[in-house]
Amino acid sequence: PYPGDQLTNIFWFVQISDIHISKWQGSKRADDLITFCQQSLSVIKPELVIVTGDLTDAKDQYKLSSTQYRKEWEMYNNVLHQCRNVRKMRWIDLQGNHDAFDVSALSRKRDYYRLYSASGGIEKCRLSSCRFTYNTSFGVYSFNTLNAIPDPGPRRPYNFFGSFDKKGMELIKKQAEASKSDNMTIWIGHYPLSCIISPQPGIRHLIRDGIAYLCGHLHTLQDLVTKMYAVNGENQYELELGDWKDNRKYRIVAIDHDLLSFSDNQHGDWPVIIVTNPKDARFSAPVHEPSLRIMHSTHVRMLIFSTSPITNITVKIDNQKIDGKVRNVKGPLYVTKWNPARYKNGFHTITVIATDSHGRVQQVSQEFSVDGARSSLEVIPSLILLHDNNFFFRILFFVAAVVNVIPLLYFRSMNYRPNPLTRPFLRLAQNGRIYYSLLLQELYIVAGGPWFIGYILSDSIGFMNVYGLYVQGQFIYENLTYVHGTFQLLFFNLPVTFSIALLLDPIDVSPDGSPFNLNQGLKIMKRAFNIVLHHKLFLFIIMVGSFIWQLSNCFIFYYTYGLMALLISPVRTWSLFISVYLVKISW
C-alpha cells in the first residue's frame, strides 16, 4: 500500500536518553519526567518508550567518585511505575555506563539495574544483544539492543567507552540474522558506534541491515552540537539524542508505510510536527525502506501533537501553498492531497505551520525528493559519529609519545657541535642521571606499565595502564586511557623535560651569538625570546603549572580509587616526586 488518507500502516514510539536521576543534584529530572509522562505521553500515545541508558547518575556530591546508590534507583523505579500508570505501553530501558559504575561481575553486587528497571530483569538482555519485536497487522518490526557496557563496571573516570569481544559479536550477528525477514529493524544502544571498541569486521558491518541506530551518551557535547545525525557507509542512520538530564530532550520516531521519520523535541514545546510523507530527504534510505512509495502516494501525511486542539495548519511546497484542504483523519494524523509527479525532479522543500488553541505556533521545513535521493547532513555531527575513536585516540597518544621520546634519543646520539637552540637539550642528554630518569618514565607509559594499583571497584583491586584496566580477571579496553596518556605526556612530561634543559643551559639566541643570518625584525624577536628564556620566572611558571596539574591528578586518583592508588602510582605520584628532584639538581 502507498501513503494515503487513512490511519493505517503507521505507528510511532518515543525515545528518551541520559536521564541521570541523582540523589545529589537535579531533583527535578525525575519530577519533570513524571510530568512528561502525565502530560506528553498521554497526548503522544506511543506504542512503546525506549530509554537509551544512563537512567541514574551514580556520582557523589562532588561529581568525582562514583558508585550505585539504591536511592537513585528507587527514584527511577517510582518514575517507571507512574509512567506506566498513565498509559499501558511497552517500556524498554537500556543500561548506560553510569548505570554500571562500580558494579561487580562476580557477585552482581550493586547491580540495581537488574532489580529496579523494566528490562534489567530479562536475563537475555544482559548479554551483548537481545531482540524485542513489535507485531502489527501490517508487519513485524524488530528493536535489537546493543549492550556494550563493560562487565565488571569500573568506577569513573575510566568507564566512558563501550566494547564487544568476539563472543558478543557472534550474538549480535545471530540477532541480525533473526530479524532479516522483518519489515524493519532498528538497533538501539547507549553509546554512539564511534564510542564502541569491537573486533573486525566491526560493529557497523554486523548491524548493516538495520535502517537506524538510536543512541545517547554524548549529551549534545555541552551544547556545542545539539543535533548529532549521520549516515554511515552501510546507508544506515546513526541518530544520537540529546540528554534529558540538562536539556529535557526527547524523540518521536514514526514508521509510516515502512518509511521512517522522526522529530527531536524539547519537553514542554507544542505543537510537535512530524512530516511522514514526503519524508526528510536527509534520511532517505532506499536500501532499507521502500522510498518509491513517496512517488506513488496520494496525500501529504503529518503527525501533529499538542496538549490543546489544533486550530490551523498551513502546508507549503517550495513556498507555494498547497491546493488541497488539510483534514484530520484520526488522532494526530493530518493529511492533504498532493500530486508527487509535479516534484519528480530534484529536491523540494515542504513547510508545515501548525497553530493550537493556546496560540502556540510551530513550523517545520524539510527537503524531500520523490525518487529516494538523499540530501546531505551537517559535517561536524557526521565527523563525531562516524570517525574511529579507537584509531584516532591511539594515533594521538603515539604522536605524543614520539614528540617526547625521539628528541631524547636523538640528542643522546648527537655527535656534532650544536647550535644555541639545541645546546640545552644536548646538555640534558649528556647527563645520564637526568636523561635516563626522563626517558624511562616515558617508555614506562608507552610499554603499558601500570599507572596505579588500587580499587577499580570499591571492593576489587586492579590496575590501569594506557591500554585499559584489569580487574576481577578481566581486561577492559577503554579509549579514555589513551586520552589521559596523551595529556600526561604533553602537559607534564614534555614541560618538565623542556624546563630542566633550560635550567641546565639557558638558550643563547642573542644577535651577536646567533649563527643565523636574520633580518633586523627577527633579531629583535630573538632578543625578546632570549630575555624570556633567560628569566627563571618563566621556567618557574611552566614548572609550577605542570606540577599543579599533576598534583590535581594525584588527588583525583586518591579520591576515586583510594589511598592505595595514590601511593602505588608510578605515573602520577612517583613521577611528580622524581621530577621535583630532577628540577632541584638542575637549578
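Yeah, the Cβs are placed from backbone N, Cα and C, and that goes for glycine too.
TrEMBL has this to say about the protein:
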DOMAIN    12-220  domain 'Calcineurin-like phosphoesterase'
DOMAIN    269-373  domain 'TMEM62 Ig-like'
TRANSMEM  391-413  transmembrane segment
TRANSMEM  434-457  transmembrane segment
TRANSMEM  487-507  transmembrane segment
TRANSMEM  528-549  transmembrane segment
TRANSMEM  555-583  transmembrane segment
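Listed by sequence, the residues of this chain that lie at least six past the ends of the transmembrane segment (555-583) yet keep a Cβ under 8 A from its Cβ atoms are 62, 64-66, 155-157, 434, 437-438, 441, 444-445, 449-456, 461, 488, 492-493, 496, 499-500, 503, 543, 546-547. Below 8 angstroms of C-beta separation, residues 397, 400-401, 403-404, 408, 420-421, 423-425, 427-428, 431, 434, 438, 441-442, 445, 530, 533-534, 536, 539, 542-543, 545-546, 549-550, 553, 571, 575, 579, 582-583, 586-587 of the same chain, each at least six residues beyond the ends of the transmembrane segment (487-507), sit close to that stretch.
Applying DSSP to the domain 'TMEM62 Ig-like' (269-373) sorts its residues as follows: 10 helix, 49 strand, 46 coil. Mean model confidence of the domain 'Calcineurin-like phosphoesterase' (12-220) amounts to 93 (pLDDT, 0 to 100 scale).
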